[in-house]
Amino acid sequence: MGLFNATHPASFLLTGIPGLENFHSWLAGPLCVMYAVALGGNTVILQAVRVESSLHEPMYYLLSMLSFSDVAMSMATLPTVLRTFCFNARSIVFDACLIQMFLIHSFSMMESGILLAMSFDRYVAICDPLHYATVLTNGVIAGMGVAVTARSFITLFPLPFLIKRLPICRSNVLSHSYCLHPDMMKLACADITINSIYGLFVLISTFGMDLCFIFLSYVLILRSVMAIASHEERLKALNTCVSHILAVLAFYTPMIGVSTVHRFGKHVPRYIHVLMSNVYLFVPPVLNPLIYSARTKEIRRAIVRMFRRVKM
């Protein structure tokens, strides 16, 4: 059999939350609110960084990248999620499913890379503040954005082809209201060892390494902060990291939970798997704009000034 001559279904059937099908119409309302907050909140931050000259600094450029990845992630999942929950329209054609899978995994990896870049920003700001402006220039920030995007595209480019080579004949029913690589490869009636190994390699070499470097950056930050004599100055320095720490926790905690349940929770009810995956994909884009708007006074002031100009 040729590499791409495997048998595929014309379409897949998406699933909302198993066991809660009768409540899908009720769940559609909260989901719409979450999407509105994610898209609206992140768009406001993007616009604030664009129009407010006071936010034209490395920290806020990185924040705008994070907001962009959150908007992109929300847009990647929104069509199929709302169709499934609002209209019970569960069908998605095979190629469209591959595209959505690639986009979801790509934007998720981009967010991980941006969080790592933001931790480097905090490290330089606290541990080497005198060289902050010379180290994190606009060119360096742009290079970080290009590197994060290129890493996601290059690393995940093989995924659609790894799925396309597999004959899918067990079923065409997916476990979520969107397409994911682990979900699709489980439907194959052939050896999926290559897919599993490559998926694990991607997880460890990107998300795992990002988390390790973020942790290392905060070890160095904490060591530098503890060397500050003034208690107030120590708190002030740590306070600049709180928003980023919360964003990291909002992103990685559900991811670690999903990975743990997926690998070790064989007897956990299926709807728990689905709910945790939904939390991983839906919650960070909702929380990030709320976290940065609530914790960063410069963002709050810029948003207020922006809306005042709109009213005028």
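Backbone N, Cα and C atoms are what each Cβ position is placed from, and that goes for glycine too.
Per TrEMBL, these features apply:
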- 23-46: transmembrane segment (TRANSMEM)
- 41-292: domain 'G-protein coupled receptors family 1 profile' (DOMAIN)
- 58-78: transmembrane segment (TRANSMEM)
- 98-118: transmembrane segment (TRANSMEM)
- 130-154: transmembrane segment (TRANSMEM)
- 197-221: transmembrane segment (TRANSMEM)
- 242-265: transmembrane segment (TRANSMEM)
- 271-291: transmembrane segment (TRANSMEM)
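Here the transmembrane segment (58-78) lies next to the transmembrane segment (271-291) in space: the count of CB pairs under 8 Å, restricted to residues six or more apart, reaches at least 3. Summed and averaged per residue, pLDDT over the domain 'G-protein coupled receptors family 1 profile' (41-292) gives 94. If you look at the transmembrane segment (271-291), the same-chain residues 6 or more away from its ends with a CB under 8 A from one of its CBs are 15, 17-20, 31, 34, 37-38, 41-42, 44-45, 66-67, 70-71, 73-74, 77, 104, 108, 111, 175-176, 178, 180, 243, 246-247, 250-251, 254-255, 257-258, 261-262, 265. Counted as Cβ pairs under 8 Å, contacts with the transmembrane segment (197-221) are highest for 98-118 among 23-46, 98-118, 130-154, 242-265.
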